[in-house]
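Novice: Have a look at this one before I ask anything.
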Amino acid sequence: MSYYYNIFTDFISCISSGAVLLIKIMAVIISVMVSVAYLVYMERKVIGAIQLRQGPNVVGPFGLLQPFADAVKLIIKEHIIPFKSNKICFLIAPIITFTLALLGWAVIPFGADVIVNNGHEVIIPNVIANINIGVLYILAISSLGVYGIIIAGWSSNSNYAFLGAIRSASQMISYEVSIGLTIVTVLLATGSLKLGEIVVARHNMPYWIDLLLLPMACVFFISSLAETNRHPFDLPEAESELVSGYNVEYSSMPFALFFLGEYANMILINAMAVIFFFGGWYPPLNISFLYVIPGIIWFVLKIIVLLFCFIWIRATIPRYRYDQLMRLGWKVFLPISLLWVVLVSGVLLYTDSLPRNAYGIQYVHDLDQ
């Protein structure tokens, strides 16, 4: 009898765990979609203010329902497939881009809970999948994103779309090298590939290590502009040259999926910047009353500040030429990133500040032992 009882309890446990996981996934997806909608609203409002305009102000109070009106407009538009295009690839491309933009959020920790285990405080991040190779997972997902763009440009049977796709692929591949090396400097200082552990380690570090990694934060931020095809590096979508780039032939929901994927990636890469360089869910200053505010609020506020910088740059800085973009990535950021990897390694070794033995941090994986 006990055998069947154990099978039943295991089955109920699996069902409950699956239900909790499904709820987490749906909560993250809905949050990202709503964030994308109001990021577009924020972008239009900020650019309007910089250009001395009002921005959206008709649909709903203060124009707050404008994103939903835009969504309805895209849904009811006619879906047109270009003549002589590869229809299957043409339809799959936006699905790939949108899906990969959401998959990256699986390892992003939004906050953390603190529990006591054998007299030690252990921090458990609030994340869908707390995997040991979270950083590698993020890099792999971001690298795969270029396939959706390449497929879209090739399958559209349009020279404008194909040139935009080639530009986007070369641009993303070029700046992923710099982004990867900047992340390596953080890994050298923290000693973990788990994003939650990186946040905890950065919080417990001395301030001089934060100053040492500050130039890499600048390189990461500028490279993220190029990685997400944002101004002033939006060469794949140069309206004056390529009309709209790789998505020029798309309309209705396929276009909306590209649009959602682009802005979801924009939020994701700023979430990565907050985790690697700006303290994650911890307050910006180590003051006791600031810890009353939940960590997820600090996490979101930091992302909003970086997104505002993205929008500000779009409204004020002119577009780079393509040769300037490539030169910046390969002749400036790549040498600086390589130099900083060596410099950080040497400084950590010389000052005996290598991770684990330097900070004495109780990490999440201790619960697994």
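Even glycines carry a Cβ here, placed using N, Cα and C.
Grabbed the feature section from Swiss-Prot, which reads as follows:
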type	residues	note
TRANSMEM	20-40	transmembrane segment
TRANSMEM	88-108	transmembrane segment
TRANSMEM	133-153	transmembrane segment
TRANSMEM	179-199	transmembrane segment
TRANSMEM	205-225	transmembrane segment
TRANSMEM	267-287	transmembrane segment
TRANSMEM	293-313	transmembrane segment
TRANSMEM	328-348	transmembrane segment
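Any idea what these are sitting next to in the structure?
Specialist: Within its own chain, the transmembrane segment (179-199) is flanked in space by residues 107-109, 112, 123-125, 127, 130-136, 138-139, 142, 205, 209, 212-213, 216-217, 219-220, 223-224, 227, 275-277, 279-282, 334, 337-338, 340-341, 344-345, 348, 353-356, 361, 363-365, which lie at least six positions past its ends and keep a Cβ under 8 Å from the stretch.
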Novice: Of the listed stretches 88-108, 133-153, 205-225, 293-313, 328-348, which one has the most C-beta pairs under 8 A with the transmembrane segment (20-40)?
Specialist: 88-108
Novice: Using a threshold of three or more Cβ pairs below 8 Å, and leaving out pairs closer than 6 in sequence, do the transmembrane segment (205-225) and the transmembrane segment (328-348) count as in contact?
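Specialist: Judged by the Cβ rule, the two regions touch, with the required three close pairs present.
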